[in-house]
Every structure is written in C-alpha cells, then in structure tokens.
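> Structure in structure tokens, see below.
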Amino acid sequence: MSLRKIIHVDCDCFYAAIEMRDDPRLAGRPMAVGGSPDHRGVIATCNYEARAYGVRSAMSSRHALKLCPDLLIVKPRFEAYREASREIHGIFRDYTELIEPLSLDEAYLDVSDSQWYSGSATRIAEDIRRRVARTLHITVSAGVAPNKFLAKIASDWRKPNGLFVITPAEVEAFVAALPVARLHGVGKVTADKLTRLGIETCLELREWSRLALVREFGSFGERLWGLARGIDERAVHNDSRRQSVSVENTYDTDLPDLASCLARLPELLDSLNERIARMDNSYRPDKPFVKVKFHDFSQTTMEQAGAGRDLESYRQLLGQAFARGSKPVRLLGVGVRLRDLRGAHEQLELFPPK
C-alpha cells in the first residue's frame, strides 16, 4: 500500500474556546459550557482552568460545582459552534477534499495527494493551525501520521495548541512503548482484561499470536493484533460533496468603512477565480455570495440567485451585507455556491431507461 499522510485536527476545549473568544471576561477563570445544575445538567466541555480542578466533559454540572465552587457554567450556543466549525472546514478544504468529520471540533484529513508545501503534511498541519488561530482566534491541536489510529493519538500528545508528528520510520518504536489503554477501541473493560493478562504495552501485546488474541477477544483480537504493530488501513471517508468555494481574509487592522471593504474586493475575486479554475468539471458555479465579519465577531452573509460573478455584482452584495452592520470589518469573504453535476447525474441514473 502506498504511503499515506493523515492529519487529525482537534480543537482545544472548542465550545469553551468560542465562549471565551466572544466574551473575554470568561478567560482566565474556571468556566464550562453545559446545562443547569438545578435541572440535572451535564458539562459539555470546560476550559483548562476548570480541568485543573478535575472538571470533565459528561460530568454532572452539580458534581462539577462541588469540585470547583467558583465554576461559571454558561449555556451552549450551538449555532455559534456550527458556524465556527464551518469556517474551520473551509480552511481544511483548501488542502484536500478528503475530510472525515468526527464532530464539530474534530476531523481527519487525508493529504496524501495534496500539492501544498510540496506535499509536506507537517507544513500543511502547521498552516492549518496558524490560519485557524488567526481567523477564528481559537487554538487547535494536530497529529500527523501514516494512518488514522496514530494521527489521533498524535493530536492528543501535545495538547493544548500543539503539533506532534509520527513519521513512518518512527512508527515501530513509538507503538512499542504505547500503553494498550491508548489503543483505538480499548475501553475500560478491555483494558482491565489486558492488564489481568499481563499486557500493559503494545510491545507486550505483540508477544501474543493473532489466533490467541482472537480466542481471548473475539473479532476485536484481530484488530488488536494490527494496532499493536501500528497497522490501520481504515480510509478517510468523505461522505459529502462540496457545496461552495470561497476565499476569506482576516485583516490585521479593521476596515473602517464600506469604501475600504470595496477596495479589497478585486484581490479577493482574483483568488476566488484561481480556486474555481482548479476545480474539476463535476461542479458548476451557481449563486455568488459575500461574507462580512464585523469587529465584534457578529457576521452576515449575502447571496443572490441569478447574479453574475463579475466585480460589480460582488460590489452590490458587499454593499448590502455591510449595511446590515455598518461598523468596522475584520474579515471579508467572497464565494460561490456550487451545483453538483455528478450528484445530479447519479440521481438520474437511479431510473435507467427501460
């Protein structure tokens, strides 16, 4: 099998990070996102200040407050998290279409065939982390490895705000020293059983034959045998086709007025047209749209069916979008919705001629 380059990206305390970004008063103190302790609420996530007290995800809010009486619990704002996730995935798509989301804040990327940075997965991961921090003002951790199992372990190795790389030459030694409790799919019950069998590390697990592991653990024994050797052939599954292509830029200094925003349009459109030109012919550009994020992180998107993709059409859309806030702008984006010609063809093929 050809060498694969897999990146696992995991946002650091995602929901809490968005809340602290949007309300800086929350930063630096123990806080969590979750339900009310008076209504059997649970913690969805918490920041690292709260984790220092032992607060964890899926813990009851009432118990979390016992551990940390000063804990501030805020209600979740899922639309804000979904919007941030969409922005992050937009960054991912600049490097590859092979993206497998695991949740709003976590995804695998297969960059094996990416031409960015001469195919360097490490530099791609570095650039993704830099762009997310610059654009969204939150941090992500990333792991780079030859397969999904190792990439996920690597992303957790230097959390928060870290990057860890496992090269093909390092796989053998890295996995040998790995505790079996870190293996994908090994929960508490399996970990306890492995401990009773005297197996603490993958090196010790390698001493067991494939047949012996299957006898002890059923079909999962086959999986354990492979993981102990760093083997994971699972592909990165991309379940959805692209719906749009866009270009965004976050400016070092806020754009104070509409005229300043309009002056930035030509360079954005040049970049957009370059990306459209690189797309395959299974997509057709459709509705143009403009995205504006104001200095206070409020944002709006304006699109129009039937409009052209020329400079004047985007100028009109930008003018309408800016009027919704009429305040300094920190980010501008231009894009176009896509018509999926392959999807349309596949639907027609469901009913072949008789």
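Cβ coordinates come from backbone N, Cα and C, glycine included.
For Glu106, the entry in Swiss-Prot reads active site. Annotation comment: Swiss-Prot describes Asp10, Asp105 as Mg(2+) binding site, evidence class sequence analysis. The domain 'UmuC' annotation in Swiss-Prot covers 6-187. The site 'Substrate discrimination' feature in Swiss-Prot is assigned to Tyr15; the stated evidence is sequence analysis.
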> For Glu106 (active site) and Asp10 (Mg(2+) binding site), what Cα-Cα distance in Å is obtained after rounding to a whole number?
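Glu106 (active site) and Asp10 (Mg(2+) binding site) have their Cα atoms 4 Å apart.
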> In three-state terms from DSSP, label Asp105 (Mg(2+) binding site) for me.
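DSSP assigns Asp105 (Mg(2+) binding site) to coil.
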> Between Tyr15 (site 'Substrate discrimination') and Asp105 (Mg(2+) binding site), how far is it from one CA atom to the other, in Å?
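Rounded to the nearest whole number, the Cα-Cα distance is 9 Å.
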> Along the domain 'UmuC' (6-187), what average pLDDT does this model show?
93
> Specify the count of other C-beta atoms within 10 Å of the C-beta of Glu106 (active site).
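The answer is 17.
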> Give the residue from the binding-site residues Asp10, Asp105 that has the most other Cβ atoms within 10 Å of its Cβ, counting over every protein chain displayed.
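The largest 10 Å Cβ neighbour count belongs to Asp105.
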> If you count Cβ atoms within 10 Å of the Cβ of Tyr15 (site 'Substrate discrimination'), leaving out that atom itself, what do you get?
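For Tyr15 (site 'Substrate discrimination'), the count of other Cβ atoms within 10 Å is 26.
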> Taking DSSP as the reference, which of helix, strand or coil describes Asp10 (Mg(2+) binding site)?
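Reduced to three states, the DSSP call for Asp10 (Mg(2+) binding site) is strand.
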